[in-house]
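Trainee: Found this in TrEMBL, in case it helps:
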{"type": "COMPBIAS", "residues": "1-17", "note": "compositional bias 'Polar residues'"}
{"type": "REGION", "residues": "1-27", "note": "region 'Disordered'"}
{"type": "TRANSMEM", "residues": "32-52", "note": "transmembrane segment"}
{"type": "TRANSMEM", "residues": "64-81", "note": "transmembrane segment"}
{"type": "TRANSMEM", "residues": "93-113", "note": "transmembrane segment"}
{"type": "TRANSMEM", "residues": "125-148", "note": "transmembrane segment"}
{"type": "TRANSMEM", "residues": "160-181", "note": "transmembrane segment"}
{"type": "TRANSMEM", "residues": "187-210", "note": "transmembrane segment"}
{"type": "TRANSMEM", "residues": "231-249", "note": "transmembrane segment"}
């Protein structure tokens with residue numbers, strides 16, 4: 001037997017090693033760079049696909065089912081993509097084209113889906129399928145192939161092992177992208193207020209440039225002079241110009257509605273809209289796909305700058321917190337601005353008021369269009385982080401008012417037991433916090449969880465419905481708006497008790513709701529899965545409700 005077929009000294013010769021399949025090669029340092037850059041860019045694709053749907057569906061609904069869809073897309077992309085540098089390069093160029101063109105047409109698809117699909121949790125998938133999922137299928141297939149260059153190397157694997165590897169790699173890719181897009185979203189919100197359209201364009205151009213490095217022309221194929229192939233370098237510029245100049249289908253607000261201001265801000269699209277179509281004109285402040293509040297227009301004042309009383313009965317109930325103590329010398333803390341109704345009331349009645357607002361655009365809109373007076377202290381920052389950083393020895397607050405929801409989005413950092421534990425040390429013992437929230441009463445697990453969480457920290461809590469309520473309503477399967485009044489002390493003060501007697505018919509029997517449930521089982525902590533479920537339920541119900549009260553065309557006009 002020749003040396004090519006018979007190993008000598010028990011060693012396998014180089015000639016006897018199996019050759020990698022055609023188009024396959026081992027991983028290189030260049031692949032490491034490609035894989036790293038592609039991972040970041042796919043995170044950008046994921047975030048851009050969801051970001052572009054936020055004004056139509058909000059953050060929670062835009063993300064619904066996205067992780068599953070991304071995984072399926074990457075699997076299909078990997079199975080369809082030939083294993084060669086040329087195929088990988090072409091796939092990334094196609095993904096770049098999808099992103100740039102998708103930045104133009106995805107909004108129209110979202111509008112169509114919101115009008116024709118009854119389930120708002122599934123409607124965003126229409127836009128994702130023609131935009132983000134398609135780009136992830138192309139880019140994700142390349143990602144899995146690059147990973148394979150470092151794992152299987154030159155070894156032969158069984159057919160079963162090959163498909164197991166594909167499934168595992170696609171799952172890893174989808175999860176990696178899921179966590180990276182969160183980081184990218186936070187960085188973008190912190191660094192710049194770039195629009196979703198421009199983000200998609202930039203990620204698309206970056207993918208196109210990356211494609212050019214995966215399969216660069218060789219010396220024998222490199223064009224010389226002004227050959228046609230040299231025009232490829234101009235494609236990113238042309239793509240960008242098309243996306244920037246192109247004016248997609250324009251949606252004007254319905255008759256009787258007018259947009260007063262609009263800002264793409266850190267928390268979403270902040271827009272102020274006047275409704276002159278109703279019998280009593282009103283003004284709405286919008287954050288993405290939901291409303292932060294509304295007020296009747298006060299025509300005895302300048303309508304461009306001042307709105308009148310709130311249209312929201314829950315805000316009126318929450319405002320009662322100002323009557324639980326004498327305002328003279330009292331300190332109040334308000335978390336979240338909305339229309340500024342609660343803050344204006346506290347300031348107007350003499351409270352030394354501190355306002356915490358995460359988004360400067362919301363505060364500016366309330367000041368300019370809803371007549372919010374300047375508070376004694378203003379902090380534009382994350383509310384949970386601000387409360388956490390306060391020293392217990394600092395001046396304490398007598399009154400605190402907050403809303404667990406920003407429009408339809410649950411502020412999860414405010415709902416866990418850790419936040420309440422950090423809030424109590426900066427409150428006076430007889431002080432009162434009014435907490436506004438919404439929840440589905442059936443099944444009762446979530447509402448029990450919130451009640452138990454509050455009672456594990458506060459000495460006493462009383463909970464009220466925005467309108468008069470009976471026990472039968474709590475037993476129905478619907479969303480109920482609540483306001484809880486809690487105090488660190490063992491009991492409410494006599495002044496607080498007297499104030500809340502006004503709402504006796506609205507009070508909910510907490511003991512009856514909790515029954516014999518064990519508290520330790522129900523306490524919610526940060527990143528609790530129940531918070532995500534709670535947030536999604538309210539987002540779905542809120543999305544349906546606001547479109548019954550405000551014409552659909554208002555939500556498309558931005």
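A Cβ is built for glycine as well, from the same backbone N, Cα and C atoms used for every other residue.
Model, not experiment: these values are computed from the prediction.
Can you tell me where each of these features sits in the structure?
Mentor: Remote same-chain partners of the transmembrane segment (32-52), defined as residues 6 or more beyond its termini with a Cβ less than 8 Å from a stretch Cβ, comprise 59, 62-63, 66, 70, 92, 95, 99, 102-103, 106-107, 110, 124, 127-128, 131-133, 135-136, 139-140, 142-143, 146-147, 173, 176-178, 180-185, 188, 196-197, 199-200, 202-203, 206-207, 210, 213-214.
Remote same-chain residues near the transmembrane segment (64-81) are listed as 46, 49-50, 87-88, 91, 121-122, 124-125, 128-129, 132-134, 136-145, 166-167, 169-171, 173-175, 177-178, 536 (criterion: CB distance under 8 Å, separation of at least six residues from the stretch ends).
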Trainee: For the transmembrane segment (187-210), I need the partner stretch with the highest count of C-beta pairs below 8 angstroms, choosing only from 93-113, 125-148, 160-181.
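Mentor: Checked against 93-113, 125-148, 160-181; highest Cβ contact count belongs to 93-113.
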Trainee: For the transmembrane segment (160-181), could you work out the same-chain residues 6 or more beyond its ends whose Cβ comes under 8 Å from its Cβ atoms?
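Mentor: For the transmembrane segment (160-181), the list is 39-40, 42-47, 50, 67, 70-71, 74-75, 78-79, 136, 140, 143-144, 147-148, 151-152.
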